[in-house]
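Going by TrEMBL, these are the annotated features:
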| type | residues | note |
| --- | --- | --- |
| TRANSMEM | 26-43 | transmembrane segment |
| BINDING | Gly32, Ala34, Val35, Asn39, Ser263, Asn295, Leu412, Ser416 | Na(+) binding site |
| TRANSMEM | 49-73 | transmembrane segment |
| TRANSMEM | 94-126 | transmembrane segment |
| TRANSMEM | 178-197 | transmembrane segment |
| TRANSMEM | 209-228 | transmembrane segment |
| TRANSMEM | 256-277 | transmembrane segment |
| TRANSMEM | 289-310 | transmembrane segment |
| TRANSMEM | 400-421 | transmembrane segment |
| TRANSMEM | 442-467 | transmembrane segment |
| TRANSMEM | 473-496 | transmembrane segment |
| TRANSMEM | 517-537 | transmembrane segment |
| TRANSMEM | 566-588 | transmembrane segment |
Amino acid sequence: TNSHISADIATVVGEERPKWNNKAEYLLTCIGFAVGVGNVWRFPYLCQIYGGGAFLIPYLIALVFQGLPLLYLELAIGQRLRMGSIGVWNSISPYLGGVGVASMVVSFCVSLFYNTIVAWVLWYLFNSFQEPLPWSQCPLNHNNKGYVEECVESTPVNYFWYRQTLNITPNMETSGSLQWWMVVSLATAWSILYICFIRGIETIGKAVYVTATFPYLVLTIFLVRALTLPGSSEGLMYLFTPDWEILKDPQVWLDAATQIFFSLSVAFGGLISFSSYNSQKNDCERDAVLVGVINSATSIYASIPIFAILGFKAHTNYVTCLNGNILALTNEFDISDMNITVENYVQWFDSLNGTQPSRVSDLNLKTCDLQTFLDQSASGTGLAFIVFTEAVILMPGSQVWAVLFFIMLFSLGLSSMFGNLEGVLTPLHDLKLVPKWMPNELFTAIICLVSFLVALIFTMGSGNYWLEVFNSYVGSVPFLIIAFFEIIAVAYIYGIGRFSDDLEFMTGRRPNIFWKVCWLVISPLMLFVVLVAYVVVQAQTHPTYPAWNPDYVNFPETEVLQYPDWVFAICVLLSSVPVISIPLVAIYRLICCMSGRHSNDSLHNDLNPYANAGYVVES
């Protein structure tokens, strides 16, 4: 009977469910959703702060034992039940209705900051049409006698990012005013997203032909150019040389696990919605492996040009630093020019320091260490905006490169936003929260407008700090919790036997032992361990953030500040509020059940028009 129930649900929903035009549109949409700006700026950034190549080990382990099983599970359950996230979890058990709501809230929170990154990309894109590029040189100061001091002390690229784009405040407590150019960029980003979304998957299916494929072309062009830069080999050595000690830090494993969620976009609900537009007889196992492998390969592929350019940037800074010291030594000891070179500097320094240590120490020479320059090259979201923009300046025809690069980032961000917004809209339709008289276009417009208004906090002077908070806290714990409940729901409540029957019906073969062991034991166990470890680690430390403060002693280095207590409270809320619906819905259903206010069937049918009692109790 169970298979009949599934089929009945499918027919009920099938009448009003749109369909993909072809398999390519579906796969490109999933890949476009999975491959996002994060592959360019979050993955290389995590590699950088977590000991280069060593990060690949927890990342690949998390991919094989957590990412792929979850991805397969979501694509399969969406395709089988043909509903969005709330409908799916509701029909498996009414007590799990909160899982879909949690997915929806997380999707909404992520959309807020993700589209702000798209807005930054647009701002850089608008500025890329200038000659010369505005981040290639320092602006003049107000009396036109020299350059702006903050810019001279740091670099034109840093100045353009921190001052002319973000107009950043020296700390989180100082919120600053709304920056009008950022408000305009943000409004543009939401408007473009709305236009692509007007006709649902009809228009999205066409857009992904460009947005999902164009980035690969640009990455390849950048790769070829980056490998010809001096110092690129040092950067790649830094990427591939592992620092094994760092694997003892649970934070690394946590970030590897959450990067897989963030990157594959599981637990958002968007993938469930996309796969629900498939025909029932579709090989979702192949789709899952394909999307998962392409996504991780893209992350690694994208890190190569980024690290080659990091190496080039570090090499340039290192040579500049040494040349300053060489000049000081040459002048102090009357050595003829060109005698001391970058290559033989260490021998000269050692011999001079051995014979006349006092004169050498009086010079206050800088400490030049290539490794230090590699370590401090870039942080967080600034990675793409600082490192890549610097690389672009050095290329002939820099406007063309800048425009190409930012269109690439824009298409990456836009195709990921399709999935984020789908993860908000479909569940709202599932919940029947849209009034009958309201056309879809108007409803989508309202959601986009509300999102835009809330996201205005990211356009203030302290917006970048808040974006980091959202990125770190909404993008970690909630995913782990949602994914944990999803796996438990399918493996233990829906039943692995029945799920295997469904998979056989759809793909023509039963899942092998690897998938079953992952769903039943490994994935839930890994998720649980990572979650507990994370909460323990977070409880012990007071989190810090890097602040850009021109009055800081070691400027242009960022000043590391502690989060104020009230911000820390918000961090805790951002980690817990999105998933609070899971226990709330379960408790509400339990009370309804016990008080007998509704019979089981009417409760079901109120909240979920496609539910069927056959799903509640496993036979």
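Note that Cβ sites are derived from N, Cα and C of the backbone, with glycine treated the same way.
Feature map: TrEMBL annotations on the structure.
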| residue | record | contacts (Cβ under 8 Å, 6+ apart) |
| --- | --- | --- |
| Gly32 | Na(+) binding site | Val208, Thr211, Ala212, Ser415, Ser416, Phe418, Gly419 |
| Ala34 | Na(+) binding site | Ser263, Leu264, Ser265, Val291, Gly292, Ile294, Asn295, Ser416 |
| Val35 | Na(+) binding site | Ala212, Pro215, Ser263, Ile294, Asn295, Thr298, Leu412, Ser415, Ser416 |
| Asn39 | Na(+) binding site | Ser263, Asn295, Thr298, Ser299, Ala302, Leu412 |
Worksheet entry | Considering the transmembrane segment (400-421), which listed stretch of 26-43, 178-197, 209-228, 442-467 counts the most C-beta pairs under 8 Å | 26-43
Response to the item:
Counting only residues at least 6 beyond its ends, the same-chain positions whose CB falls under 8 A of a CB in the transmembrane segment (442-467) are 108, 111-113, 115-117, 119, 166-169, 171-172, 174-179, 182-183, 186-187, 190-191, 193-194, 197-198, 381, 421, 424-425, 428, 434, 545, 547
Worksheet entry | Cβ contacts under 8 Å made by the transmembrane segment (209-228) with residues that lie 6+ beyond its boundaries | 25, 28-29, 31-32, 35, 298, 301-302, 304-305, 308-309, 312, 391, 395, 401, 404-405, 407-408, 411-412, 414-415
Fill in: Cβ contacts under 8 Å made by the transmembrane segment (94-126) with residues that lie 6+ beyond its boundaries
36-37, 84-88, 165, 181-182, 185-186, 188-190, 193, 267-270, 272, 381, 385, 389, 402-403, 406-407, 409-410, 413-414, 416-417, 420-421, 423-424, 427-428, 430, 451, 454-455, 458-459, 463, 467, 470-471, 474-475, 478-479, 481-482, 485-486, 489, 493, 574, 577-579, 581-586, 589-590, 603-604, 607-608, 611, 616
Discussion item. Using a threshold of three or more Cβ pairs below 8 Å, and leaving out pairs closer than 6 in sequence, do the transmembrane segment (289-310) and the transmembrane segment (49-73) count as in contact?
Written reply: yes
Item to complete: Check the transmembrane segment (566-588) against each of 26-43, 256-277, 289-310, 473-496, 517-537 and return whichever range has the most CB pairs under 8 Å.
Response: 473-496
Discussion item. Same chain, not part of Gly32, Ala34, Val35, Asn39, Ser263, Asn295, Leu412, Ser416: whose C-beta falls within 8 angstroms of the C-beta centre of the Na(+) site? Give them in sequence order.
Written reply: Ile31, Phe33, Gly36, Gly38, Ser265, Thr298, Ser415
Worksheet entry | Candidates 26-43, 289-310, 473-496; stretch with most C-beta pairs under 8 Å toward the transmembrane segment (256-277) | 26-43
Worksheet item: So what's near the transmembrane segment (289-310) in sequence-distant terms, Cβ-Cβ under 8 Å and 6+ beyond its ends?
Response: 27, 30-31, 34-35, 39-40, 43-44, 47-48, 56, 59-60, 63, 67-68, 71-72, 75, 216, 219, 222-223, 225-227, 229, 232, 235-236, 238-239, 263-264, 374, 377-378, 383, 387-388, 390-391
Worksheet item: Which residues, given as numbers and ranges, are at least 6 beyond the ends of the transmembrane segment (517-537) yet have a Cβ under 8 Å from it?
Response: 62, 65-66, 68-70, 73, 250-251, 253-254, 257, 476-477, 480-481, 483-484, 487-488, 490-491, 496, 499
Discussion item. Name the residue among the binding-site residues Asn295, Ser416 whose Cβ has the smallest number of other Cβ atoms within 10 Å.
Written reply: Asn295
